[in-house]
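Some features that TrEMBL has for this protein:
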type	residues	note
COMPBIAS	87-100	compositional bias 'Acidic residues'
DOMAIN	157-290	domain 'SLC41A/MgtE integral membrane'
DOMAIN	371-513	domain 'SLC41A/MgtE integral membrane'
REGION	61-109	region 'Disordered'
TRANSMEM	114-138	transmembrane segment
TRANSMEM	144-163	transmembrane segment
TRANSMEM	203-223	transmembrane segment
TRANSMEM	229-259	transmembrane segment
TRANSMEM	271-292	transmembrane segment
TRANSMEM	304-323	transmembrane segment
TRANSMEM	335-355	transmembrane segment
TRANSMEM	367-384	transmembrane segment
TRANSMEM	428-445	transmembrane segment
TRANSMEM	457-477	transmembrane segment
TRANSMEM	498-521	transmembrane segment
Amino acid sequence: SSINICSLFHTMVPTGYSKLQEERLSMVDLGPEAVPVHNGYRQEPSHVEGRRLLDRAARSSMTLSDPADGAYSETDPMLGERRLSADETDGREEDDEDEGPGSGVHNMPKESPLAMALQILVPFLLAGFGTVSAGMVLDVVQHWGAFQYITEIFILVPALLGLKGNLEMTLASRLSTAVNVGKMDSPIEKWNLIIGNLALKQVQATVVGFLAAVAAVVLGWIPEGKFQMSHAVLLCSSSVATAFIASLLQGIIMVGVIVGSKKTGINPDNVATPIAASFGDLITLAILAWISQGLYKCLDTYPYVSSLVCAFFMLLTPLWMVISSKHPASRTLLYSGWEPVITAMVISSIGGLILDKTVSDPNLAGIVVYTPVINGIGGNLVAIQSSRISTHLHFHCAPGEVPDETKGCYYPCRTFCGTGANHRSAQVLILLVVPGHVIFLYTIHLMKSGHTTLTPIFMSVYLATALLQVLLLLCIADWMVHSMWRSGKDPDSFSIPYLTALGDLLGTALLALSFHFLWVIGDRDSDVGD
C-alpha cells in the first residue's frame, strides 16, 4: 500500500529531477552551441564547464527519492553553477571591455534610476492602495461581534498579514533570483521550482497560522489572567484557515506575476515583491474577518464546527510535505527554513499585542485604519531592496564572500551614499515614501474612512514616522542581507521574513507613539468618522 501511495504522489508532480540532470548533461555534451541566450547575453561555458564535468557523476545518479542528507546548502538551489567572486568579476569585466561586446558573461542588465523608478512605481501604488483597502476593511470589522468580544483577533492581524512577507515575498524573491540567474529557462526546472515552492509555502502557512493563534492566546491570556477554551479553538481555526486559503490564492497569483515578468522583459525584483503584497493584505484580512465572524455565530449552536475546520486544514499538511520534499529546490528549505518564518511570526505578534492594547483605548481608535498602510508600505519597500541586494550577490559573489565596500563595521551612510546599483535603488525607494503616503492619506480622506482629521500637525507627525520607519528598515536590510550571505545562508529565503516582521513591529510601535504624542499635544479628534 505504501508503494501505491508513493506512486500516487509522484503523479501529482512534474517529471523527475533526474530528467532535468540528463537534459543538462546533454547540453554539456553538445558543446558551447547549446548554451542558451538569456537577457541578450550568451553565457560562456569556460568557467562553469569544469564544474559541470566534475559533478557529472554525482548529479546523474540523483533522483526525486533521494533524502535530504545535507548535500545542499541554502544557496545551492539558486547556485547550481559557480558564480564569479567580486575580484573575478572585476577582472572579467576588464577583459570583456578589451575583447568586445560579444564576449560578455551572463551578467545583470543595466538599469537607469528612471527605469528602475518607473518599474517600481506602478506596483508600489497598487500595493499601497491594497493596504489602504485593508485598513478601511479593518476600520469597519473592528465593530463586528467577533472582534469586540474576542479582542485577541487583533493580535492575529499583524501576524497573518505578515505572512505575505514570510511566504509570498520570500517566494517572489527566490523565483526572481531564479529568473535573473537563468534557472527558469528550462521548462522542467521551472515547474520543479514552482510546484516545490508552492507546496512548501502551504506547509509553512498552515504551521505558522497555528503558531500565530497559540501566540495570540498566550499574549491575550497573560495580561487579562483569564482563558476560554472556546475562544482559543475559534482563534486556531480562523488563523489556520485564513493562512491556508490566502497563501494558496496569493501563491498562484505570484507565480503568474513572475512568469509574466520574465516574458515581458521586466526585472521581477522590481515588481514581484510589491505585487505580492498589493492585494495580499486585503485578501487576508477579508478572509480572516469572514471566517472568524462565521465561526463566532456558530459558537453557541454548533461549537464543534471550529474544531472540524482546524482539523481539516491541519490534516492536509502531510500531503504538502510529501510534494515539497520531492523537489531539491524546496527540500532543503523544508528542513532548514523554519527559523526565520517562526521568528518573524513572533515579532509580528508582539506588534499585534501593541495594536490590541492601542485599539482598546477609545481615545486612539483612529490608529486602526493607518496600521496596515504604514506596515505594508514599509515592508514592500524593504522587500524590494532585499531582493535586489540578494540578486546582486548571487551574480557577483561566491557564497561566503561579500564585496569589499561591505566589509568591516556597518555605517548608515553606506546604504545611501554611492553610485552602485544598490545605492541607487535605496535612494529611489526613500524618495517614494513621502509622496506615496501623501497619496494614500488623501485616498483614505476622500473615502471618508478613519477617525482622524488630516491636519498639518497630524500629517507632519505621520510622514515623519513613516520616513523614520523606512530609513531604519533599509539600513537593517543592507546589514542583514550581507551578513546572511557571509554566513552562507540564502538571503532570498531568510532576510525578507525578518525585515517585514520588523517593519510590522516598527510601524505599529512608532504609529502608536505618534498617536500618543498627538493626544498629548491636544490633537484629539478620534471620534471623526463614527
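Positions of Cβ are set from backbone N, Cα and C atoms, glycine also.
The stretches the transmembrane segment (114-138) and the transmembrane segment (428-445) are in mutual contact, each linked to the other by at least three Cβ pairs under 8 Å (pairs 6 or more apart in sequence). Among residues of the same chain six or more beyond the transmembrane segment (457-477), those with a C-beta under 8 A of the stretch's C-beta atoms are 370, 374, 377-379, 381-382, 385-386, 389, 410, 412, 415-416, 426, 429-430, 433-434, 437-438, 441, 495, 499, 502-503, 506-507, 510-511, 513-514, 517-518, 521, 523. In this chain, the transmembrane segment (304-323) does not touch the transmembrane segment (367-384); fewer than three CB pairs sit within less than 8 A of each other, excluding pairs fewer than 6 residues apart.
For the transmembrane segment (203-223), the partner stretch with the highest count of Cβ pairs under 8 angstroms, out of 144-163, 229-259, 304-323, 498-521, is 229-259. Long-range contacts of the transmembrane segment (498-521) within the same chain, counting only residues at least 6 positions beyond its ends with a Cβ under 8 Å from a Cβ of the stretch, are 158, 161-162, 164-166, 169, 340, 343-345, 347-348, 350-352, 354-355, 358, 363-364, 366-367, 370-371, 374-375, 378-379, 382-383, 386, 457-458, 461-462, 464-465, 468-469, 472-473, 476-477, 480.
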